[in-house]
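Look at Swiss-Prot and you will find 108, 278, 298 tagged as active site, backed by experimental evidence. As annotated by Swiss-Prot, disulfide bond applies to 93-122, 105-150, 141-207, 142-146, 179-211, 187-198, 227-331. The N-linked glycosylation site feature in Swiss-Prot is assigned to 192; the stated evidence is experimental evidence. Under the heading N6-acetyllysine, Swiss-Prot lists 220. Feature annotation from Swiss-Prot assigns signal peptide to 1-17.
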């Protein structure tokens, strides 16, 4: 009996020690600790020579903000496959495969929205309309309803803005694609790269209601509108059904410092301090080595994670990933 109690006491001490261990964010020690746990994912370095203030600024989703009306449940009427990847389901929609870069700005709330909106315009126009919806237009012109620009915002406000005011086209930084391409440059995560260094500084650009020189139609004529915006219940099957029927959605979750080190596998939080809320685009699901996951596109460039994508534990609202799902439907009659 005493031997059993001693063993249990040791286990409790070890468990407590594991949860209370501190490793500096982005450190070799945290990478090694995660990998020694033999969990469902592998850690490695994605950021080099960056300020922690920059990394925290990337996490610009304000969690628990205003809620959109919840759409009616319909998952019971849908036969859902074990795995689903929107990139394969709609191969003629190139934006689904695209990974963007939010730069030194807490604009993830805008990126998750415009990425999923771009995908849905293509999907619901049966591939006739391929447009990169402008993150710049969303970030700079939405105003207080969306939060505070580069200092963080609400995914729900972003989708509501799309239905009320519409969004113009706009590609990546320096792409000269669309009416209002992104104006904040990608920054350098690596040691010997050519991009400017990543800092935590960065003001929200001004709202400009004109397209870049040489682009037509006009700003007003280039607007793409949503006909509805809504939240999806914190329910695994309802989220799956929404993606399966209508396309990628925007979600948000709590980021811990171990997530910054994600390289492959199915992420689940192991150790590290909280960094903030982060908005992303969920485009599918599956099962890897017995672990169910969501397939997610990030906005930290293709040199982060698994070519810019990651997988995260599905079905347990892990880090709140299932509690902030928002989406909407484009006005396809305008096409």
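Glycine is no exception: its Cβ is also placed from the backbone N, Cα and C atoms.
If you take the Cα of residue 278 (active site) and the Cα of residue 198 (disulfide bond), they are about 18 angstrom apart, rounded to a whole number.
Checked against residue 108 (active site) by C-alpha proximity, the recorded positions 141, 220, 227, 298 yield 298 as the nearest. Taking the C-alpha atom of residue 179 (disulfide bond) as reference, the shortest distance to any of the disulfide-bonded residues 93, 105, 142, 146, 227 belongs to 142. Around residue 122 (disulfide bond), a 10 Å sphere centred on its CB holds 22 further CB atoms from the protein chains shown. One residue stands out among the disulfide-bonded residues 207, 211 for having the most other Cβ atoms within 10 Å of its Cβ: 211. Residue 146 (disulfide bond) is surrounded by 27 other CB atoms, counting those within 10 A of its CB over all protein chains shown. Counting only residues at least six positions away in the same chain, the Cβ atoms of 57, 60, 139, 149, 150, 184, 202, 204 sit under 8 Å from the Cβ of residue 105 (disulfide bond).
Among the disulfide-bonded residues listed (93, 122, 207, 227), 207 has its Cα nearest to the Cα of residue 146 (disulfide bond).
The Cβ neighbour count for residue 93 (disulfide bond), using a 10 Å radius and every protein chain shown, is 24.
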